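Read through the structure below, which is laid out as structure tokens, and then see the notes.
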Amino acid sequence: MVRRKLRLLVILAGIWLVGIVVYLFKGDDQSEFEKRVIDKGPDGFYVHKEEKEHQPFQEENKAEVLHQVEDQWKKKQDAEITQSRQTFIETKKLLPPDDELGDIPWGQFDELGYISKTTLKPGQDPYARNKFNLQASDNIKSNRHVPDTRHMNCRSETWSQDLPDTSVIITFHNEARSALLRTIVSIFRKSPDHLIREIILVDDFSDDPSDGQELDKIKKVKVLRNDKRQGLIRSRVNGANMAKGKVLTFLDSHCECNEKWLEPLLDRVKQDRRNVVSPIIDVISMDNFDYIGASADLKGGFDWNLVFKWDYMSAEERNRQRQNPTAPIRTPMIAGGLFSIDKSWFDELGQYDLKMDVWGGENLEISFRVWQCHGNLEIIPCSRVGHVFRKQHPYTFPGGSGQIFARNTKRAAEVWMDEYIQFYFAAVPSAKHVDVGDISERLALRDRLQCKPFKWFLENVYPELKIPSVQDIAFGSIKQGNDCMDTMGHFADGILGLYPCHNSGGNQEFSLTKAGEVKHLDLCVTLVDTRPGNEVKLYQCTPGNYKQQFVQNPAKDQLRHKSYDLCLDSVVWQTKGIVANKCDPSSYTQKWTFSLSKNR
């Protein structure tokens, strides 16, 4: 009799435990619900998380546990368990496949253990590996607070409640663990959970595979490791091909997302799937990792050397932006590292040019392609993402970064620039001899998409880019033997010097206008004193300023001031910079030739 009572007590205790489990399954907290499921073994009523598919409950097991319970109680318990099972199955349908994603919430990831494996040893150079201060990065937690740099109007802005989800794609090679983890954590912290379908980390064959493998444990994080070095371009395509989100969001591996960065991007893509949108890119100091808000008055552009640069918006554009600070900003080019694009539109547009190598020029190519093939490029002011800007690349390029950039850039130019490619060659003469390989597939893509000519792009998207053939007498680099006139990195009130010609434009790109201005960007070579032997300087171009007016004498290869018998001279450039001396046709240091001149 006692044995029978004990047996009944054990059974009732078991039923009580089952009731608690059923109660817990009815909770509304999905993450807690998932955690409880994980904690159950595979031999009970619930399937273990590691199983790929949910398996039906085994009626035999249930009956074995409950076979001595009164029929009425058994029926009630069966009904509750069946209801819980159905809830579980429906919830599982909404979750990503368990075999593809980790099961550790980002807040429970062992940050210290992950970062400590690459901690600097005493005496090690903190800049050596990543070209930013690794010690400073490692000392900052992954969930640190950064200032909200958005315009105040953004804080009251509302976005669609039915936004598409996104796959965030991050490629990396030997990235600092602390910087990579901080990027991931900022995405989770600053984004609505339901909008992040997954974060895809593409490890471009880092020296230590565990850099990415250990992050694979985090929920919603997938890691794809290349079996050899493929570079950013192909790595991004690899990530995009496995993405399941409706929108692709590309980020660099050393970023920090700001408040509500994602919603305005997705909202704009939802409004028009052909909108390709980028956040305002704030600056994270490479030295101390301070987070600094960037100007909202900038848009992406380029010179005829096809190197990306930031342009200030025109006065008209700035006035419009003042009236509506949250309005999208049309941009001729995106920086390339951070943007969102509808996945189907990305595929339809031809993804990236896979015959480009490693890195460089891909932002130029996709910007041309989006605009010329009926899309839009925009910067979204209410979206802010910080980025660590470095002075040099932390890794080597097979073949050399300069050669790869030249090849990639020329591929883009050959496909998209039509007859205007001549001005690229004038600015970068060395590009004429670069072999770009077969571009027939990209030309066929352009035909298939019925894309617009580059002339349309210049007239409708980037009218600020001056067309040399119309406005200039001469253009490109100003040569003196193997050396070229160079700004030496100076801006307004800066002197000029000589530097070996690198044929890459930039500091060596000038033009001679019909008005006689020797221009570099919006700066003009200016006579500061009419006495011989005084340096010339770069000052803001002012229409009609006689001190900024020179004439070219092709017969004598001189650049002579329009009103004075003074010619640009490099005789003392190492001590005073370029000076204006009395013109001397026999002087070698006064001989200058433009790489492209209408007078020749």
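Glycine too: its Cβ is placed from the backbone N, Cα and C atoms.
Cross-referencing H374, H387, H393 against the Mn(2+) binding annotation in Swiss-Prot, which names D252, H254, picks out H387. According to Swiss-Prot, C373 forms a disulfide bond with C451, chosen from C451, C484. Among C382, C484, C501, the cysteine that Swiss-Prot records as disulfide-bonded to C154 is C382. Record source Swiss-Prot places C524 in a disulfide bond whose other cysteine, from C501, C541, is C541. Counting other C-beta atoms within 10 Å of each candidate's C-beta, the binding-site residues D204, D252 are led by D204.
It is C567 that, of the disulfide-bonded residues C451, C567, has its Cβ surrounded by the most other Cβ atoms within 10 Å. You'll find the Cα of C541 (disulfide bond) roughly 46 Å from the Cα of D204 (substrate binding site). Summarising the environment of S253 (substrate binding site), the number of other Cβ atoms within 10 Å of its Cβ, over all protein chains shown, is 23.
Taken through DSSP, the region 'Catalytic subdomain A' (163-268) splits into 43 helix, 29 strand, 34 coil. The binding-site residues R229, H254, H387, R390, H393 differ in how many other CB atoms lie within 10 Å of their CB, and the one with the most is H254. Across the domain 'Ricin B-type lectin' (466-595), the DSSP tally of helix, strand and coil residues reads 17 helix, 57 strand, 56 coil. In sequence order, L349, R446, L449, Q450, C451, K452 constitute the residues six or more apart from C373 (disulfide bond) in its chain with CB-CB distances below 8 Å.
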